[in-house]
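Record features (TrEMBL):
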- B:28-49: transmembrane segment (TRANSMEM)
- B:85-309: domain 'ABC transmembrane type-1' (DOMAIN)
- B:89-110: transmembrane segment (TRANSMEM)
- B:122-147: transmembrane segment (TRANSMEM)
- B:175-195: transmembrane segment (TRANSMEM)
- B:224-245: transmembrane segment (TRANSMEM)
- B:291-314: transmembrane segment (TRANSMEM)
Amino acid sequence: MVSLNTVAPAAASPRPGLSETGVAIDARVEKIYYGDFLAVRDSHVAVEKGQITGFIGPSGCGKSTVLRSLNRMNDLIPSFRLMGSVTFLGQDIYAKSVDPVVVRRHIGMVFQQPNPFSMSIYENVAFGLRLNRFKGDYDEKVETALRKAGLWNEVKDKLRQNGLALSGGQQQRLCIARAIATNPTVLLMDEPCSALDPIATRIIEELMLELKQEYSVAIVTHNMQQAMRVADKTAFFSVDISKGGRTGFLVEQGDTRQIFHDPREKLTKDYISGEFS
Amino acid sequence: MSAEGFDLKGDNSISRPPSRGEILADRAFRGIAYASGGLVVAMLAYILWEIGGQAAPAIARDGLGFLTRAVWNPQEHDFGILAEIWGTLYSSILALLIAGFFGVAVAIFLTQDFLDARLARVFRTVIEMLAAIPSVVFGLWGIYVVIPAIRPVANWLHEFLGFIPLFSTPMAGPGMAPAVIVLAIMVLPTVAAISQDAFQLIPYKVKEAAYGMGTTRWEAIQKVMLPTASSGIAASLVLGFGRALGETMALAMLIGNSGQISLSLFSPANTLASLLASQFPEAGALEVEQLMYAALALLGIALVVNIIGTLIMAMSSKQTVS
Ligand SMILES: Nc1ncnc2c1ncn2[C@@H]1O[C@H](COP(=O)(O)OP(=O)(O)OP(=O)(O)O)[C@@H](O)[C@H]1O
Ligand SMILES: [Mg+2]
């Protein structure tokens with residue numbers, strides 16, 4: 001049976017003042033459907049406060065699907081249906097009374113494909129600030145976000161240039177700057193480094209390590225070394241093709257060290273040893 | 001060509017250079033493309049040359065005065081088309097304001113998930129069918145439906161708000177207002193169709209990015225989709241404007257064919273195209289030269305509008321991509 005390994009106790013919390021459980025997002029997915037297609041089942045995933053949670057697993061196992069359910073991005077897909085619950089700081093984000101727009105303002109997202117807006121670099125980063133009617137020093141916020149994303153030095157002289165004129169890797173860092181400019185509580189990242197070179201990847205990884213002082217981060221990655229380097233907790237998903245379908249599920253979640261060095265499940269062990277052999 | 005002189009025979013490779021036939025086809029296609037492009041330019045040049053040639057005597061006689069005076073007096077051979085230039089620009093700009101607003105609104109409505117895809121296609125087809133209605137039918141509809149419908153409103157506006165220049169004259173019958181309304185409807189399909197294409201070309205990931213930042217649907221449209229589609233929307237407006245400038249039959253039936261320069265929406269006016277249509281049948285040789293000069297002016301206006309539009313688009317796409 002799948003181990004629905006729950007979250008570690010509050011002691012793991014790296015900074016004081018957090019609520020007891022230390023869980024920012026607690027997702028109890030029973031089933032996720034796209035139309036009739038059962039994409040994910042029985043996955044209880046937690047994103048802990050002040051930590052980085054890595055999602056790993058083979059292609060098509062539903063990592064993106066689960067990640068995008070955490071801030072209701074999947075609501076854009078009409079055929080999407082979720083059974084179960086997702087709570088964010090104790091509140092059910094799929095409750096009728098909750099506006100997905102508000103959820104997404106608190107839980108930011110960086111996508112696999114860079115997707116800057118067709119506007120200046122500055123306006124891309126200031127987008128969320130304007131959207132949230134921020135009153136304050138825009139220049140400073142924009143600079144801070146760009147610095148954190150490791151892009152400032154490359155763009156400081158051309159902030160008025162269109163964001164689409166940057167290289168793919170620069171665009172991705174711009175998207176990260178855009179997402180963090182508004183200080184969201186949680187940042188979800190879906191393979192954010194797949195378009196980046198090793199240097200930019202390192203910058204983003206350092207950024208993530210820095211971000212976790214203030215935010216909680218969940219990251220999907222195919223790069224095991226990356227998961228080992230940055231993730232405090234790791235969730236391993238696999239895909240079940242036994243009943244003719246292709247249904248993803250959580251195999252286990254735990255401390256990254258434990259998942260990589262002492263996995264409880266054979267599936268995990270096989271996947272990881274396949275990767276490192 | 002690179003196909004020769006670069007002969008790599010990979011042992012197992014399926015790759016091979018293009019054959020002679022493929023190279024020839026490529027060259028032939030390029031030739032045809034250049035020739036078609038050249039033909040279009042040559043046609044434009046020929047038309048300008050031909051019309052310019054026939055207008056030459058009038059240009060020599062009247063010079064630029066023809067463009068800056070408002071008279072049409074064949075008896076005394078006194079001609080000037082300022083009123084028609086004014087009427088052409090005024091009616092086209094007003095029609096474009098209306099058609100631009102509604103055309104972009106329709107494009108947003110049909111592309112931003114307000115309707116399911118099938119219904120949106122039906123709507124789109126219906127709007128495109130507007131473009132297939134002959135101009136003369138629009139003219140008749142304007143005379144028998146639009147004019148009687150708006151006359152009471154127009155006269156009420158004139159009575160109570162007559163101090164506003166737009167309403168400064170009463171409406172007797174044909175005039176600027178019905179012409180503009182019908183013209184706007186005729187231009188609408190062009191603006192709507194091309195704006196829709198512009199919205200549809202926006203990649204899905206851009207929409208995702210907008211919603212991912214926590215925009216409402218309206219914020220996504222207003223702050224992301226509209227700016228992203230802006231150069232396509234500008235193109236639709238330029239094409240719509242071109243259509244409005246050249247529209248002849250419906251305007252000849254609705255605008256009142258009277259060379260007046262007035263801001264009033266209810267006063268009769270005239271446009272270059274309808275001047276040409278209404279004067280040609282009975283024009284004497286001298287008048288034909290004048291009309292050719294007027295045609296040249298219309299062509300010039302259309303070219304200038306297109307050039308300005310292209311410049312605006314080049315500027316906005318420079319903003320988008322470089
Ligand atoms: N919009 C959609 N409509 C229908 N099915 C979808 C949709 N998005 C994903 N799926 C299906 O859901 C399953 C899980 O997809 P998902 O993208 O979550 O996988 P993933 O683990 O992120 O894979 P990868 O590592 O390749 O990105 C796949 O079988 C996929 O075909
Ligand atoms: Mg994925």
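Just so it is clear, glycine is given a Cβ too, placed from its N, Cα and C backbone atoms.
For the transmembrane segment (B:224-245), same-chain residues at least 6 beyond its ends with a Cβ under 8 Å from one of its own Cβ atoms are 88, 91-93, 95-96, 99-100, 103-104, 107-108, 112, 183, 186-187, 190-195, 197-199, 201-202, 206-207, 209-210, 215, 273, 298, 301-302, 305-306, 309-310, 312-313, 316-317, 320. Away from its own ends, the transmembrane segment (B:122-147) comes close to residues 106, 109-110, 115, 173-174, 178-179, 181-182, 185-186, 188-190, 192-193, 196, 247-254 of its chain (Cβ-Cβ under 8 Å, at least six residues beyond either end).
Using a Cβ-Cβ cut-off under 8 Å and counting only residues 6 or more beyond its ends in the same chain, the transmembrane segment (B:89-110) has close neighbours at 120, 123-124, 127, 176, 179-181, 183-188, 190-192, 195-196, 198-199, 221, 225-226, 233, 236-237, 240-241, 244-245, 251, 255, 263, 265, 269, 271, 301.
Among residues of the same chain six or more beyond the transmembrane segment (B:28-49), those with a C-beta under 8 A of the stretch's C-beta atoms are 296, 299.
Residues 47-48, 51-52, 54-55, 58-59, 62, 66-67, 81, 84-85, 88-89, 231, 234-235, 237-238, 241-242, 245-246, 272-273, 275-276, 279-280, 283 of the same chain lie 6 or more positions beyond the ends of the transmembrane segment (B:291-314) yet place their CB under 8 Å from a CB of it.
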